Amino acid sequence: MRNKCQEEKNELRRQCAEDAKEESKACEDRVKVIQEQLTECRDKNLQDTRWVSNPGLLGTEVKAKAVAFSPKNERMAVGELSPQRVVVWDMKTRQPLAGWETGAGAGMPMSVALSPDGTKVLCGTYEGAVKMWDVSTSSEQIFQEPKGRVSRVNRVAFSPDGRQVAAGLADGKVLIWDVSTNTQITTQGHSGAVQALEFSPTSGKLVSGSKDKTIRFWDPRTGRKDNEISHPGGGLNAIAFSPDGKSLASGSDDSSVRVWNAETLAQRRLLPAHTGPINDLAFSADGRQLASVSDDGTLRIWSLADDYVLSSHQQRKAEAVAFSPDGKYLASVVALEGLLLWTRN
């Protein structure tokens, strides 16, 4: 896919070539100016945003289902498939710090999240378990056991202050717990599976996206619904807040990515991003780029300055994506391939 700079350059060249009244030298000068403008455009927006995969970066192959970075330090959590466990990595040394199996009857890890300070890791599993471990002591806190008629956990999240955790379930439930007391707060939830869940980094509101084609905003203290977006693009699979909390991106079954004003809920952008359902989204730490992965087998990185693709990578169906807070790494989880780490070229 050609980026916006290149398209504008080609259009100006075409206009130049079609202008029969222009002298050859004048046209050449104009093309030179166009080339300078293209370089300036790339320097301004790309800033060397080419990414290359580094399969051996961790020194081992990791079959994964989920990945997340700590917002404030160099730690990465990975939900692994074989064995079914959660491992926290120190990305400075690229060595594992600690790991825990999900436990008997819990099933594979579907979603992982690191606390804001990186000291705790949260996991939601296929059989409905919601667990948290302390990275230093390995102490375990169980919020929900995989017992009875518990639904699959699709997403988990930490609040910005780390005092609450939340889970989005396949049966439409959105559950919130107080970390210090283990007290559960229930919400109205959704009428379809909750596929996306994230706390606002600024307001602390909890936001969920569902197959029922709605994005809902919750007060995490009471569980009360504060607001709702009726999504025009089909069932929701992914949402992501920009680091400043001002923008909310959503990805849906219709293969589009939409960017919303998180305060007014007005739609700011519509990106015809992929040719298959969007599975996950992630903002870069500076908020200038947005990564999207899809069933169509592509990982795409978008410039939010000009709404064009900075880079596009072909792979198998991708299920998760995350930027490291320092901008050094991009992680993606690819079906049948596992965890892929990308670095800037």
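A Cβ is built for glycine as well, from the same backbone N, Cα and C atoms used for every other residue.
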Task: 1-23, 208-230 - the range that TrEMBL marks as region 'Disordered' - done: 1-23
- [ ] Determine how many residues of the repeat 'WD' (146-187) DSSP places in helix, in strand and in coil.
- [x] 0 helix, 20 strand, 22 coil
Open item on the list: For a three-state summary based on DSSP, what are the helix, strand and coil counts in the repeat 'WD' (111-143)?
Closed with: 0 helix, 19 strand, 14 coil
Task: Outside the repeat 'WD' (111-143), six or more residues from its ends: residues with CB under 8 Å to it - done: 66-73, 75-79, 84, 86, 88, 97-98, 100, 102-103, 105, 150-158, 160-162, 165, 167, 169, 175, 177, 179, 182, 184
Open item on the list: Counting by DSSP secondary structure, give me helix, strand and coil numbers for the repeat 'WD' (271-312).
Closed with: 0 helix, 24 strand, 18 coil
